[in-house]
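Novice: Submitted below is the structure of interest, expressed as structure tokens.
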Amino acid sequence: MGTGKDEACRGLTARDSSEHDYILYENETFSGCQRRCRIASDVCQGIDFGPDGTCEVWTHSAGIRATVPLMGHSCYIFAPSDFESVGGENQACRGRTWYDNSPSYYTHVRDQSLDSCKSLCRGMGTRCKGIEFGSCAGLVKILPVSLELQAALAVAATIAAQELSGSVHPAGAANAVIFLEAQSCSWPSFACMCASATVLLVVVAALFNNTCMDRLYPQAWWPSPAVESEPGSSPKPPVGFIVDAPQQWLPTYLLKLRGAGNRGPVPVSYAHTCFSSLAAFAYMLSVASLNDLLGWTPASLVGPAAASVSVFSDWRGASSQPWPCVVGCVLGAASGSLFLLEASEGGSAFAGHLWMPAAMAVAFSAALQELAFAKIPAGGSIALSIIVMPEARRWGWSFVLQPGVLSTCLLVIYGALLNNLQETRLYPRHWPWQRATPGLPQQGYSERVLQRHRSEVEKTPFSALAKTNVGLLMVLSQIVFLIFLMFAKLDKTSVDVVEKFDHVAGLSLLTVVGLGFMRAFAKAHGLGAVVFCLVITSLAIQWSMVLESLLNQTVLSIGLDSLSSGYFAAATALVSFGALIGKVSLRQIFMVLLIELPCYCWTRSGGLSSDRVPHVHPDGLEGLQIHLFGALFGYSAACLLGPFEMDWLHQGSYGLDLVSLLGTLCFWICFPSIGYGSRTQHAHIIVVLALLGSTVAAFVADSLCDSGKMSVACIRTAVLAGGIAISAVAETVDPGLAVMVGSMAGTISVLGNRFLSRSSVDTCGVLFAHGMPALLGWILYASPVLQHSAKAPENPALQLSRLCSCAVTAILSGCFCGYLLRRTRSESQDLATSDETIWVCAEDMPQGSATYRPIK
């Protein structure tokens with residue numbers, strides 16, 4: 001600008017200069033001053049660089065139009081024209097810190113050259129801050145969720161696929177996490193690299209392992225039983241028959257390449273596969289979240305991913321026990337850190353050649369593990385990740401702490417708590433301070449006997465674990481919640497505190513008292529229905545806060561808004577509980593929560609639809625999602641669980657019917673105050689009118705169905721159908737339409753429960769009590785009748801896509817949950833749903849056989 005030197009920048013005129021027109025930086029170089037302007041390219045107009053290192057980044061709205069003479073200063077106008085390499089090659093872009101890499105920062109474009117990538121950035125103007133170009137670019141983001149949740153889902157899916165295909169190996173989970181963290185190659189390229197490396201590994205292992213006379217590799221080439229010899233034919237000579245004959249080394253070596261002929265992996269049941277995947281998902285989600293909150297590099301997740309396969313899929317194996325799990329991973333981290341420091345030295349022979357220290361780190365880790373009797377594949381994964389992952393190099397010996405110590409100790413705790421929840425699992429087989437009992441292979445049993453023994457173990461539950469205390473689940477839940485609370489922030493804003501607190505209090509009455517007492521209608525489980533609702537509400541609120549924090553990639557915030565969101569999640573779980581009440585044990589209730597809450601929170605944050613909504617979106621569709629998701633999830637799970645025969649203790653009584661109607665009255669009174677985001681006077685009046693219409697219509701329709709007699713089972717749910725159906729459009733409809741919609745919803749609920757619902761499948765009739773009214777509200781929301789209204793919902797098609805996502809997710813996750821419930825139900829679970837087997841009951845409790853058997 002101007003003559004170029006000895007001139008300072010000004011605005012419109014030579015006197016137009018204010019401290020608000022520029023951002024001052026001191027002790028800057030000229031290139032650093034230019035970089036600061038490029039970073040703020042959306043507001044930067046130019047720079048004024050002084051002789052003492054002062055840098056003025058000008059942000060004047062009118063631009064730089066004039067200059068004034070000033071000795072030593074230079075004024076430059078910002079005109080972006082080219083790209084500057086930051087950090088050189090083999091470096092990836094990040095935000096403010098090296099681990100600041102949110103998916104919202106960038107957009108992936110496939111099959112582009114470097115010039116076309118630059119052109120795309122220039123076309124975006126000031127919105128584009130830079131580009132990251134990879135030689136094998138083309139990564140497609142499959143899941144719009146955080147890296148922590150992606151890693152947990154990837155490991156869980158890997159374990160499920162490996163167990164179903166009979167190919168369990170820890171390296172698969174490590175590869176899945178590396179692919180997510182690298183974010184540089186397309187999945188076909190990465191899959192080809194992994195397949196090539198695996199084939200090379202098998203070939204090298206067969207060639208080198210068999211050179212040692214006491215080794216035989218592979219034990220089985222194919223995952224199928226060994227073919228037995230035909231009667232009358234001479235049996236194949238054992239491989240070891242000439243091991244002690246050195247002169248025949250070559251024939252022995254060639255014979256060993258044929259393999260031992262043992263049968264492949266033992267088939268795993270679907271129940272074990274689902275359990276292993278869920279346990280690994282819970283562990284990886286906890287480790288990844290803790291890793292992110294503590295600021296550790298994502299590369300430290302590679303080792304825990306590989307170790308989780310050993311502990312949850314191969315829980316009986318020698319490498320999955322506590323001693324090799326902890327010590328082996330620590331030795332792997334120490335080996336990687338040692339050779340990383342050696343490779344980082346300027347005069348080192350390894351400088352610039354990472355393949356040599358990587359190979360030596362893995363080899364040294366394997367040697368240390370064998371000497372310490374702590375062999376585990378995850379140790380080599382940790383050593384390798386320290387060397388090859390670029391962002392991991394700056395951590396050095398701290399890798400011994402994480403993932404060497406922290407993640408592996410947490411894995412042993414998770415393995416002991418979660419594995420033992422499965423009746424046919426016993427983990428650990430022995431602790432480090434216990435003497436291990438020699439197994440069948442050490443006792444000389446044949447392979448056929450070993451396979452028969454493993455099959456019997458899979459079918460026979462451990463008596464010590466058949467009555468697992470559910471308190472362990474609560475302890476685990478509280479530990480995870482407390483970990484998140486350590487990094488949470490308390491919302492102390494004082495905006496509408498009284499109104500929000502009244503809203504939370506109303507939600508408490510509706511969930512605990514309303515839905516709780518509505519479920520207390522049967523003799524055998526009335527006490528459990530009320531108290532379990534309180535437990536479900538407490539756990540659901542905690543888990544909802546944690547899940548929302550993970551999905552939104554934010555620090556956990558504790559406030560009245562987060563409590564309201566938690567109560568909405570609890571209401572969803574309680575609606576589903578109505579379809580399963582009396583059929584599931586307390587342990588299975590925890591399983592339902594573990595599956596339903598993540599699916600519901602993901603659906604609420606956007607789900608399968610294309611939009612992304614905030615933490616709590618204040619619209620009426622929140623209410624429809626609660627009732628629709630809860631009803632469809634519970635009904636789908638109940639259908640997969642199958643119909644049950646009900647005896648007299650599972651029927652209602654006169655006193656319990658009064659108690660259940662008390663819950664209905666509480667729900668009826670508190671429902672208008674919820675609002676679901678609509679807290680105007682008009683919305684409250686419309687909801688009350690809809691409830692009045694559904695109440696009158698329910699009594700009329702029910703009285704006409706059975707010669708004037710009414711059913712408590714129909715009345716206690718149908719009177720609420722109007723409020724559910726009208727909640728999404730409470731601010732847009734007229735009073736007359738509200739009464740009509742309420743009457744229609746009440747009638748549909750009564751007729752559905754009378755003629756279509758089966759209590760042997762849907763215990764409380766949640767499909768017609770909650771699901772059909774929510775579906776009616778969905779239809780009303782999209783109807784043309786409301787589109788001419790001044791307060792009509794904006795973009796109803798987009799909102800309906802969210803509800804379609806809600807319905808699909810609820811049905812699929814509910815079917816999956818019901819399948820797991822059916823597989824995990826033991827044959828002796830006839831009394832599991834009775835209060836007598838869970839509570840210390842009063843003497844006047846009805847006595848008898850409280851069986852709830854599935855219909856064959």
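Every residue, even glycine, has its Cβ placed from backbone N, Cα and C.
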Novice: Need the matching range: TrEMBL marks transmembrane segment on one of 163-182, 503-522, and I'd like to know which.
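Specialist: So the range that TrEMBL calls transmembrane segment is 503-522.
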Novice: Verify whether three or more Cβ pairs under 8 angstroms connect the transmembrane segment (503-522) with the transmembrane segment (395-417), leaving out any pair fewer than 6 apart in sequence.
Specialist: no
Novice: In the domain 'HPP transmembrane region' (147-218), how many residues does DSSP call helix, how many strand, and how many coil?
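Specialist: Counting residues by DSSP class gives 55 helix, 0 strand, 17 coil.
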Novice: What else in the chain is close to the transmembrane segment (503-522), if you only count residues 6 or more beyond its ends and a Cβ gap under 8 Å?
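Specialist: For the transmembrane segment (503-522), the list is 529-530, 533-534, 537, 560, 563-564, 567-568, 570-571, 574-575, 577-578, 581-582, 649-652, 656-657, 659-660, 662-664, 666-667, 670-671, 673-675, 679, 712-713, 716-717, 764.
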Novice: Which of 589-606, 682-701, 763-780 has the most Cβ pairs closer than 8 Å to the transmembrane segment (268-287)?
Specialist: 589-606
Novice: Give the mean pLDDT for the domain 'Ammonium transporter AmtB-like' (506-790) on the 0 to 100 scale.
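Specialist: Mean per-residue confidence for the domain 'Ammonium transporter AmtB-like' (506-790): 80 out of 100.
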Novice: Name the range, of those listed as 589-606, 626-644, 763-780, that has the largest tally of Cβ pairs under 8 Å with the transmembrane segment (527-545).
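Specialist: Counting Cβ pairs under 8 Å, the winner is 589-606.
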Novice: What else in the chain is close to the transmembrane segment (626-644), if you only count residues 6 or more beyond its ends and a Cβ gap under 8 Å?
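Specialist: Contacts with the transmembrane segment (626-644): 568, 571-580, 582-584, 592, 596, 599-600, 603, 724, 758, 760-763, 766-767, 769-771, 773-775, 778, 803, 806-807, 809-811, 813-815, 817-819, 821-822, 825, 852-855.
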